[in-house]
Structure formats: structure tokens, C-alpha cells
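Swiss-Prot lists Glu342 with the feature active site, giving sequence analysis as the kind of evidence. Residues annotated as Zn(2+) binding site in Swiss-Prot: His341, His345, His351. What Swiss-Prot lists as disulfide bond is Cys316-Cys396, Cys356-Cys380, Cys359-Cys364, Cys412-Cys441, Cys423-Cys436, Cys435-Cys458, Cys467-Cys487, Cys499-Cys511, Cys518-Cys568, Cys546-Cys556, Cys563-Cys602, Cys596-Cys607 (among others), and the listing cites similarity to another entry. Taken from Swiss-Prot, the feature domain 'Peptidase M12B' applies to 205-401, supported by sequence analysis. Among the features that Swiss-Prot reports, N-linked glycosylation site is placed at Asn187.
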Amino acid sequence: MIQALLVTICLAVFPYQGSSIILESGNVNDYEVVYPQKVPLLPKGGVQNPQPKTKYEDTVQYEFEVNGEPVVLHLERNKGLFSEDYTEAHYAPDGREITTRPPVQDHCYYHGYIQNEADSSAAISACDGLKGHFKHQGETYFIEPLKLSDSEAHAIYKDENVEEENETPKICGLTETTWESDEPIRNASLLIYTPEQNRYLKVKKYIEFYVAVDNRMYRHYKRNKPIIKRRVYELVNILNTILRRLNFHIALIGLEIWSKRDKINVQSDVKATLKSFGKWREKKLLPRKRNDNAQLLTRIDFNGNTVGLAALGSLCSVKYSVAVIQDYSKRTSMVASTMAHEMGHNLGINHDRASCTSCGSNKCIMATKRTKPASRFSSCSVREHQRYLLRDRPQCILNKPLITDIVAPAICGNYFVEVGEECDCGSPRDCRSACCNAATCKLKHEAQCDSGECCGKCKFKKVGAKCRAAKDDCDLPERCTGRSAECPTDIFRRNGLPCQNKQGYCYNGKCPTLTNQCIALMGPNVKVSRDSCFTLNQRGKGCGYCRMQNGAKIPCAAKDIKCGKLFCKKRNSGVCNCLILPDDPNYGMVETGTKCGDGMVCSDRKCVKLQTVY
């Protein structure tokens, strides 16, 4: 375990306030000037443990005044900002791909909070002065260096003091016609989760994130790759603070700059660009660089006021776990809000309705329009995201980085258990563990564990203690070994066994049925449509088809009609309802493994015998 150097920075706040100034983030009409001065302090006890020499401290504090009141901004380096196998790529003039593994672990990007404030957060870069934002008493403040001869001068200002580059509200390309009804949102508030579901929701989840920068953005920043990389790092650092509220950690696994030419046809039609980017990720990127989710940053002006688009509920999908983002603002907080919004769609979250107002005076992340940066998901978004996780259980987000994969020096207090640590419950201020010593990241006397499904009262649970209940007919319970705090790997019943009173057959631990799929897509009080609705799948047009091939809808054979588009009905309605997303032809299709007849299941959009696939 390596203890971090604690440094206090005193900011001398001068009574000068500027009336208007042009900063990197745009025109600011009211600001304060401050002068940081660094004062090093030893850790508690007056002893500093030896640690590898780094350019940037692991932990820093900044003291300054806001509205005449002193505050202390506590910051800790964002330890997991980059994955262990992070790479960068650009292209030579002759088109050759040049991939490097730069040393990025000694970086200058921090997360933090105002001390003694429960509802506070911060995202700051300290690469060249202090640049970023922090939340204090419900207000968002920004700090950035003033480009004056006095290099220590910084400006502090409120979000409301930044003049808008364009007053027109920015929107997401996921249109209202593609939304689900309000009913699932209202009923979501009535959900009561089982203990097993609650445990799953509380487990830390990870997204290995890849960013591609198009040629227009490369030229916009005057072909300056270091400036582009710094902007992307700042964006991902902010994105991390936002997604942390959903218990996600974003690890940047790769960045590539299309410095020679674009790898796809980036066009003003945002839907076409998203589709092309998804295909490029599937065919070109994934074979050479694994990732859970990828976003394209572009300087093209999408049609209308659209600044981004993503497929709904598509995380971990090979083709659809993507988004396209217009780099439309100088302000990283604005663009990062859009990145979080589109990633929210990938995480199964739709746009907020008018009733979703739990973000104070600011708009929530999933608001339909944006004129100001946002940093919070509404309670509606959180519930919808939880429904998505419990329904789809995307597997890629559970890949926790191994301790040995973390190559930077261990930092006690960052919630990551690293080499030399037995536990990590956060800083002494935040730690709520009775088993872990927050100052040393070692287990307390006689404690065997600190956390985990098989850890109880600081001891390993007994052999045979149930740590994960069976989720349904197709799952099996897991039990503790008595030698570890972790629950054994999830196992399930073999594929093809009958489930849910013979309504379906087990498939990879789930019991896919038409009824359950209708409820998942449209909420409660829905049923499967009558059989005649499924004959529409023989037409090969509208919402009746089995697959897409070269942009054309391929009809189902008569025996396969219940393996194509899913048709549902509300209550006693006779209407044949189907759900379509223009950018995702697989949305609303009958799932693989669904029963389509006695002893028959859907496989590759065909109704086949159980014995041929299981």
C-alpha cells in the first residue's frame, strides 16, 4: 500500500471581479480572479511512506473562497481513467495505422468534492493550471486558467455567467415516435426488488470505453493531436463522474484519431452515421481492439439541432453498443453531458417525461432538450436503467479489472483493491466499513474480509451458505465455499429444459417466452397478440419480417413466423402492435431460444427442433 502525499493549495482570492472575458470555454460575463499557491503537508502522524516519483500528486486539496466563504476542494486522481491496455491510434499520410501504448497512468485528471458537503462533486484537470468544475451548495462553478502573463491567475465563475454560443436548444436524435409508452415508467416506481436483484444492482459495473475522433474534428483543432487527446481525457473524466451515480466506472481503453481520412461516411444524417459507425465497430474495430462501448466524436453539423444519437438498450451488443456525438461546444461540460445522455440510451434509459423532475433547478441528463450542462440522472432514469439491467443482464459490464492488471501505484482510498491492499473502503471521511482500516487499507484485527456476498460481520460465511438465489426456473442457486468472500461463478440449468409451466425452454439461464418479452418491451398489462398477427411476418415489409439483409426486409417462412417480429396487445385490444427503432432492426424481434412450438425453439430467426441446437 502506498500512502498518497496530501497537498493543500491556498487560493488567494482578490476582490477583483471581471465584467467580461473570453476564456477557453467561451465568453464569461462575470468572474473572480484567484491565484493558487501550493503548500505541501505531510500525512497524519508526520511520516511519509516512500512512493514512486510521479509528476502529479495522488491527492490534493484546494482552499479558496466562494461568495466570501472559505471552502476546501478535496481531489483524488481518477485512478481508473485508463485501462491497463490503453492504446492510441492515428494514421500516417500513406494511410498506415500507427498504434502506440503511451504511459498514461501518471495523469492529471481528478475527481473530488467540497469538504463537509454531502451533495458535492468535482471533475478537475491539473495538467496546465486548474480546469474543470465543482458543485457547491447546489450551484455549479467553473475554474480555468487565465491566459495572462501571470500564469498563476485563474478565473472562477458560475455556469449562468457563460454566454451561450447558440441559444437554440440541442436535442437527441432518438425521436418521440420511437419511445415506449409512459406506462412502464409509472409502474416502475412500484417495483419491489428481491434481495438477489438488489445485490446485483449494487455490484460495481465497468464499461471499457473506446473513442474515435473524426477527420473534421482533427482539422478543427488544427491537427494538434495533444490538444485533441487532452480534450477527450477531460470529457471522459467528466463522463466518469456522471455515470458513477449509476454505479458504473468508465475506463478509457482506446482512442483513435482519423488523421488521414474518415473510416466511415460521416454525414449530416445522424441515423446513417450511427449505422455506419456501428458496422465499422463490428467489422473493423472489435477484431483488433476489444471494448464494451464506443463513441464517435465529430465536428460535422448534424441535421436540425441534433447533437447525438445512440441505440436504446444495446450495451454489450456487437453492432449497436455505439453512439455518435457532435463536438458542438467549446465547453467540455456540455459535450460530456451529451456523451452521458447517449450512453444512457445504450444503458436502456429513454428520455425523461415531464413528471421526471428530480434534478433540482438543472435539467436532468436524459432531458429531451439541452441548453445547459447536466450532471444527474432523474429517479425515472435510474428506475428504467435498473429494469433494463435486470431484464437483459448485459454480461460485459461485470468484467472487473484484475488486481494485477492495474499497473499504476496503489492508492489507498480510491475504492479499488490493488496490489498490497486487503480492502479499500474509500477515504477515512467516507469509509463506512467495520472491517477495513481506511488509513492503511488493511483488514482490522481478526477480520477475514470486508465485502462480498460471502462476507458477513468481517468473516467468511460458512460452507453452504446461500449467496445467490436462483433467479428463475432456469437458474441454480450458488453457495459459499467457506474460503472466500466472493460468491462462486453463476451457473444455470442446461439449455432445453421446460420452464414456466412449459411455456418455454431454458436458454443460457433464462426462460424466454413471448409473454415476458411483451411485458419487458411495453410494460405490465400486455399480452401476446393473436396468432394471425404473426402472419404479417410473411409480408417482408412494415414491421413484418424475419431479418434484414442489405437494407431489405426478408419475410419469414410460414413455419418461422413466431421467430420474426414480436406482436403484443394491450389489455383486450385487437390491434397488432409491434415496436420499431429505425436504427436498430433487431429491436422488438423474438429472442433466440423462445418456444415456437412443442419441442421447437427460435434460432437464427428460424423455428427448429430442440435437439438441433441444444
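Each Cβ is built from the backbone N, Cα and C atoms, and glycine gets one as well.
Burial and contacts for the listed features, if you can.
Secondary structure at Glu342 (active site), as computed by DSSP, is helix.
DSSP assigns Cys316 (disulfide bond) to coil, not to a helix or a strand.
Packing around Cys356 (disulfide bond) is summarised by its Cβ count: 19 other Cβ atoms lie within 10 angstroms of its Cβ, all protein chains included.
DSSP classifies Cys364 (disulfide bond) as coil under the three-state reduction. Other C-beta atoms found within 10 angstroms of the C-beta of Cys364 (disulfide bond) number 22, with every protein chain shown included.
Classification of Cys441 (disulfide bond) by DSSP places it in coil, neither helical nor stranded.
DSSP assigns Cys423 (disulfide bond) to coil, not to a helix or a strand. Around the Cβ of Cys423 (disulfide bond), the number of neighbouring Cβ atoms within 10 Å comes to 23.
Every protein chain shown contributes to the tally, and the Cβ of Cys458 (disulfide bond) ends up with 19 other Cβ atoms within 10 Å.
Within the same chain, residues at least six positions away from Cys487 (disulfide bond) with a Cβ under 8 Å of its Cβ are Gly452, Glu453, Cys454, Cys467, Arg468, Glu478, Cys480.
In the structure as shown, the Cβ atom of Cys511 (disulfide bond) sits within 10 Å of 23 other Cβ atoms.
The number of other Cβ atoms within 10 Å of the Cβ belonging to Cys518 (disulfide bond), over all protein chains shown, comes to 23.
For Cys556 (disulfide bond), the number of other Cβ atoms no farther than 10 Å from its own Cβ, over all displayed protein chains, is 25.
Classification of Cys563 (disulfide bond) by DSSP places it within a helix. The Cβ of Cys563 (disulfide bond) lies under 8 Å from the Cβ of Cys546, Cys556, Val590, Thr594, Cys596, Cys602, Ser603, Arg605, Lys606, Cys607, each of these being in the same chain and 6 or more residues away along the sequence.
Cβ neighbour count for Cys607 (disulfide bond) (all protein chains, 10 Å cutoff from its Cβ): 22.
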Give me the CA-CA distance between His345 (Zn(2+) binding site) and Cys380 (disulfide bond), in Å, as a whole number.
13
Through the lens of DSSP with three states only, how would you label Cys546 (disulfide bond)?
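Note: Cys546 (disulfide bond) is coil by DSSP, not helix or strand.
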Fewest other C-beta atoms within 10 angstroms of its own C-beta: which of the disulfide-bonded residues Cys316, Cys441, Cys568 fits that?
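Comparing Cβ neighbours within 10 Å for the disulfide-bonded residues Cys316, Cys441, Cys568, Cys316 has the fewest.
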Going by C-alpha positions, which of the recorded positions (His341, Glu342, His351) is nearest Cys316 (disulfide bond)?
Glu342
Which residue, out of the disulfide-bonded residues Cys396, Cys602, shows the minimum number of other Cβ atoms inside 10 Å of its Cβ in this structure?
Cys396
Compute the C-alpha separation of Cys436 (disulfide bond) from His341 (Zn(2+) binding site), stating it in Å without decimals.
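Roughly 36 Å, rounded to the nearest whole number.
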